[in-house]
């Protein structure tokens, strides 16, 4: 065997972790789904002007999927996967802590908690993708998007309805938009 053939055989064996089309497809689907779901969560955060945006969320999701996918491929005992997940959650926790800022001495003014929680959730979604729990990952991502985009609107609506009027003794009347007259607008 020539040195050229030996080099080619060595290179081919280095790429043998996805030995068949089914395995390569499985890896691709899991990592790409993690990337897409991370993109969606990151896009929402970026639209809100937050520091951790599309790239950060995508990398957290892909990295989390990869951290659980590799041990699966190498034949880790399922019980030992809990240690991998534990380390991943702790590591992402440190990353999330970096997004939380406290301004001044005011203990009540803290920024970045939602972004940190979003990154943590993105890691969990990435893990679900890597473990082959695609339906769980998609449902969780949709639920997270609902929390990030719909809950603030719902809270704002509730605050407008229950907010006390300037004159606390006067009863508050809420007029539905369809029954308002021109002077009410």
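Along the chain as shown, residues are numbered 1 onward.
Even glycines carry a Cβ here, placed using N, Cα and C.
Automatic prediction, not curation, is the source of TrEMBL annotations.
When Cβ-Cβ distances below 8 Å are used as the criterion, the transmembrane segment (27-43) is approached by residues 18, 52-62, 64-66, 69, 73, 118, 121-122, 125-126, 129-130, 132, 134, 137-138, 141, 144-145, 148 of the same chain, each at least six residues removed from its ends. Taken from TrEMBL, the feature transmembrane segment applies to 27-43 (among others).
TrEMBL lists 31-154 with the feature domain 'MgtC/SapB/SrpB/YhiD N-terminal'.
What TrEMBL records for 55-72 (among others) is transmembrane segment.
What TrEMBL lists as transmembrane segment is 84-101 (among others). Residues 51-52, 60, 64, 67-68, 71, 76, 110-113, 115-117, 119-120, 123, 127 of the same chain sit 6 or more residues outside the transmembrane segment (84-101) yet have a Cβ under 8 Å from a Cβ within it.
Non-local neighbours of the transmembrane segment (113-131) in the same chain are 30-31, 33-34, 37-38, 41-42, 45, 50-52, 56-57, 60-69, 72, 85, 88-89, 92-93, 95-97, 99-100, 137, 140-141, 144, 148; each lies 6+ residues outside the stretch with a CB under 8 Å from one of its CB atoms. Under the heading transmembrane segment, TrEMBL lists 113-131 (among others).
Positions annotated as transmembrane segment by TrEMBL: 137-155 (among others).
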- Secondary structure content of the domain 'MgtC/SapB/SrpB/YhiD N-terminal' (31-154), with strand meaning DSSP E or B: 96 helix, 4 strand, 24 coil
